[in-house]
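These notes are about the structure you will find just below.
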Amino acid sequence: MPALVLLGAQWGDEGKGKATDLLGGSVDYVVRYQGGNNAGHTVVVGDQKYALHLLPSGILSPGCTPVIGNGVVVDPSVLLSELSGLNERGVDTSKLLVSGNAHLITPYHETLDKTTERFLGKRRIGTTGRGIGPSYADKINRVGIRVQDLFDESILLQKVEAALDFKNQVLAKLYNRRAISAEQVVEELLGYAEHLKGFVADTTLVLNDAIDEGKVVLFEGGQGTLLDVDHGTYPFVTSSNPTAGGACTGSGVGPTKINRVIGILKAYTTRVGAGPFPTELFDDDGEALRTIGGEFGVTTGRNRRCGWFDAVIARYATRVNGLTDFFLTKLDVLTGWEQIPVCVAYDIDGERTTELPYNQSDFHHAEPVYEYLPGWSEDITKAKTFADLPKNAQAYVKTLEEMSGAPISAIGVGPGRDETIQVNSFL
Ligand code: GDP
Ligand code: IMO
Ligand code: MG
């Protein structure tokens with residue numbers, strides 16, 4: 001089983017960090033392929049809790065080489081502070097590899113992200129404000145700065161000047177802000193270069209060689225399927241491709257090399273930021289899910305919007321990612337409800353559909369159609385096998401599996417590494 005992708009099947013925060021960490025001990029490489037420090041992946045090891053933003057969760061597994069692929073946008077200051085934070089806690093980060101082709105997030109990207117959001121006012125996306133969108137926009141506009149540019153001072157200055165030419169006009173004339181000095185940006189970036197040099201590698205070559213040698217490579221997605229810039233709820237999305245295809249473009253590994261695609265799926269649904277969310281709850285149940293599930297953003301600390309499980313979305317994730325398995329997380333959070341609503345279809349202006357509408361206005365009008373499954377009250381956090389789960393919890397999992405279109409191969413019953421029921425092996 002040389003290469004597998006692990007990605008979010010909903011709107012992010014499904015528990016990808018925990019799932020990656022769980023596999024970390026058995027894989028040789030863990031690769032981030034898109035996104036940047038907009039991600040917040042929580043890993044709980046014993047009594048230690050780690051919040052990772054840019055680094056792959058495999059960094060916590062000693063035998064594993066963590067890789068930041070070409071598809072990631074790298075804020076060098078965040079990368080260095082995340083590394084030193086882990087070093088202070090005794091984590092060895094020396095194996096990290098960073099693609100020289102990954103694009104940088106510079107201070108002006110962060111400034112533009114925040115000013116654009118402010119300018120959008122009521123129409124804002126609710127971004128994390130980390131400069132993600134502006135950095136990817138520069139990449140596509142061919143005025144981006146790449147990791148490798150850090151090591152050639154004159155090229156770096158030329159590129160930063162080219163990138164700022166237009167932006168400074170926008171900042172000064174439209175946003176009424178001070179223009180940014182290219183020299184100052186270059187000076188800051190050069191200050192990171194020496195610290196990063198040792199990590200930079202031709203990661204595409206490294207990963208393809210590793211797969212050819214039979215090593216196990218795990219691609220760890222950031223965000224989630226419905227936040228994908230192509231397949232998500234555009235424009236309320238992130239600016240990259242968390243879906244399975246992104247693992248190929250974001251790492252330089254071809255689709256024929258990937259054997260398994262695992263969708264991380266929360267037993268209910270959450271979303272951070274603006275955009276449609278059919279099963280969102282505004283009542284005590286929503287508040288209870290938030291409190292019991294600890295649904296507060298790891299990156300921005302914002303309250304996560306909470307709602308019931310949406311099988312239409314899960315099925316859609318199976319389709320656009322070609323999922324082979326699901327990892328169902330946070331089943332324990334649902335303990336205590338007498339009955340649990342599950343969205344099986346949408347009612348859109350009087351018409352029932354079981355597929356995600358491709359028309360955005362339809363999706364904004366979608367009313368959830370619920371089926372009600374019987375709940376359970378027993379504590380399930382100590383369950384080690386599927387048979388340990390109460391009958392109604394088993395039935396909840398089986399029903400979700402039938403509705404979602406791929407086998408549920410693991411079930412999370414708590415945040416810890418060992419609070420997992422493995423139904424089928426991933427490797
Ligand atoms: P990610 O962005 O997909 O890695 O997810 P986050 O770390 O943002 O949010 C998931 C949260 O749920 C974290 O606090 C995890 O520690 C926690 N978590 C993961 N799996 C489980 C589970 O099965 N049960 C419970 N109770 N918590 C979990
Ligand atoms: P993980 O990896 C949840 C959301 C933001 C906003 C939209 C665009 O922890 O699951 P961006 O800063 O990316 O331009 O913001 O995407 N968003 C996330 N929501 N989890 C994440 O990451 C997210 N990363 C971005 O809230 O709505
Ligand atoms: Mg998260």
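Each Cβ is built from the backbone N, Cα and C atoms, and glycine gets one as well.
Curation does not apply to TrEMBL; its annotations are automatic.
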May I ask you to find which of Thr127, Thr128, Thr249 TrEMBL records for the IMP site already listed with Asp13, Glu14, Gly15, Lys16, Asn38, Ala39, Gly40, His41, Arg142, Gln223, Thr238, Arg302? Thr128
Could you tell me the C-alpha distance between Thr42 (GTP binding site) and Gly301 (substrate binding site) in angstrom, no decimals? 13
Lowest local Cβ density (other Cβ within 10 Å) among binding-site residues: Asn38, Gln223, Thr300: Thr300
Could you check which of the binding-site residues Gly12, Asn303, Arg304, Val413 is the closest Cα neighbour of Asn38 (IMP binding site)? Gly12
Other C-beta atoms within 10 angstroms of the C-beta of Val298 (substrate binding site) total 18
Sequence-ordered list of residues in the chain of Arg302 (IMP binding site) that lie 6 or more positions away and have a Cβ within less than 8 Å of its Cβ, or none, is Gly126, Val272, Gly273, Phe296
Highest Cβ count within 10 Å among the binding-site residues Thr42, Thr128, Thr299, Asn303: which residue is it? Thr128
Looking only at the recorded positions Thr128, Lys139, Gln223, Thr299, Val413, Asp13 (active site, proton acceptor) has its closest CA neighbour at Gln223
